Amino acid sequence: MKRALPILAVLVVLLTAIAVVNPFFLEPAGFLAFLKRAAPLVILAAGQYFVIVSGEFDLSVGSLVTAEVVIAARLIDGDESATWPVLALLIAVGLLVGLVNGVVTTKLRVPSFIVTLGMLLVLSGAVFLWTGGAPRGALSEGFRAFGRGGLGPLPWSVLILLVLGGAAIWLMRADFGKILMATGDNERAAALSGVRVDRVKVFAFMLSGLSAAVAAILLGGFAGVSAQVGQGLEFSAITAVVLGGVVLGGGRGSVLAAMAGAVTLEALFTLLNLYGISGALEYTVQGVIIIAAVAAGVIRLPRKSTPRRGDAHAAS
Amino acid sequence: MDLRTRVRRPARRSRAHGGLAAHLREPTQVVFLALLGLVAVGWALVAFDGGQLLTMESVVGIQQRSAALGIVAIGQTLVILAGSLDLSVAYLISLTSLVAAEIMAGQDGNIWPAVTAVLVISSLVGLVNGLVITRLQVHAFIATLGVGLIIKGIVDHLYDGPAGEVPASFQVLGYSRVGPIPVSAMLWAGVAVVAWFLLSRTRLGYRIYAVGGNEEVARLSGVRTARVTVITHVLCSLCAGIAGLLLAARLGAGTPTVGTDGGYDLESIAAVVLGGTALAGGKGGVAGTVGGVLLLAVLDTIFNQLEVNSFAKDVVRGVVIVIAVAVYARRGTRRSA
């Protein structure tokens, strides 16, 4: 919780700024609509967090999301009865892609940057090879309900986000989280203390694949079927995780902060929209803020985390 | 006495790094063997299909297709050898192609101002990348991605489509050739030779290997590691700027999406790694990268001749990259064991 404080402070400032311009944002409906839009990225960020904290990267999530949505549309093709089997299949595909990423990274000793880059090419090539270049078919209403509908006033996607977010926090508090953190911090030390490093990392990649599958289900319902649905999501997810103060290279950072980073990124987009900054300049502002946030985090973090606080002060 | 041996040790180690650079030709040989094998297999497959792989036309095509990627990949090699990486190159290529075409505006007299402006802008971008990484201590992945996004935003804000005009005399760079060798390929070869000389014959080259191999050890040996990182980023951005000029010459105008459509960021990293350079830095070289780029281009040509679906190309490309790196990784562990 303590590590999540800086990003939560930034988030509160951004949310306040949004509320000043757009009072509707303060009403439950307005805020829930915002959370609904943010849910896929937050879930992706949680998945990416597990991989990053174990010291690896997952660049394949963006094309995995696209692949999942395209697969769902082609297999369901408007047929309501196919909804549940296809949902199960999507989850299985997500886990399988994560399994392959993890096994190739750990057993063949290929850097995960390359493994998941290869997976990105394979997935985006294979899925359009299968559908002949453009997405085909349609999603069923039952499928789209997850991204669009809700239980009374509560959107399903927010409920799913709460459940998965809770599960992620629980997982990091359980033994698995401690082992994962140890692996990312110092793989060799963890291995010598009896951690099955390979298995832990494979599991982290599978969690990332699972989160991509869930994000695809939500995005498919929310945004519809297109070949661009997952474009750039891998970079957004990594950015969100890093914004939350998680260190690339592994071993530092909390999952709550990573998810808060994703909400912050989404709030930033909303705010830029409200202030009427044109679509393109949004990227520029995003770039500046990411660098600034990470730089600020790096400058502040060592003083907080090192026990020798006096040294840091003496040096500065 | 004790002090003296301690002082000496780093010197010995940096010499070992120079030796390492010489030793690590091994993966390079693998790339070129794979390239030969691929040409042989491709030749057989295409012949079986009733065509011919190594016609004049396709050889020129292979060189032209790979020149831009090749130049970017050489810059990327320098950065990766120093233990960093650059995701901003694709956006920088788009920017520089626009700057070049806009300043030239179809006039022959404006060629040199345009080239100068491109080189200045790209070195500035490289400088920013390097300083953000070293001074603000932002991870290279985030720093260059952020700078890339900044450039993308500016380019997309100012331009919707192709702009500017490249005079015919500059388009020579994109199209004309001497015998079977296009001018663009010569430019690529020139950049490669300069980079090779830099890495294997100059002090800066050894320092790049030292910083990439172990930054802390390099620093303790008296290398100004931050300076090395900044210089490699400037050189990498310069390469991207040259590629932008080349693409502007080929297209006859600047285009805001030319860099991202070509996927030059991830593709150049893939080519470098395919050439046997370790992503973590400190091992590899330019020759391997040239082999890696050629391998990708030959693969492309074979698929074109066999008229394979472009999506199947991506699948094969992804698999080839991962397998190649898995093979290198295996050799690496055997050597150290």
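Easy rule for this one: first residue shown is 1, then count along the chain.
Cβ from N, Cα, C; glycine included.
In TrEMBL, the transmembrane segment annotation falls on A:82-101 of the listed ranges A:2-21, A:82-101. Between the transmembrane segment (A:153-172) and the transmembrane segment (A:29-52), three or more CB pairs separated by 6 or more residues in sequence fall under 8 Å, so the two stretches touch. Contact between the transmembrane segment (A:29-52) and the transmembrane segment (A:255-277) is supported by 3 or more Cβ pairs under 8 Å, counting only residues 6 or more apart in sequence.
With respect to Cβ pairs under 8 Å, the transmembrane segment (A:255-277) is most closely packed against A:229-248, considering the stretches A:113-133, A:202-223, A:229-248. Within the chain carrying the transmembrane segment (A:202-223), a Cβ under 8 angstroms from the stretch's Cβ atoms is held by residues 36-37, 39-41, 43-44, 46-48, 50-51, 53-54, 56, 58, 60-61, 64-69, 72-73, 87, 90-91, 93-99, 101-103, 105-106, 112, 139, 143-149, 157, 160, 164, 171, 176, 180, 229-230, 233, all 6 or more beyond its ends.
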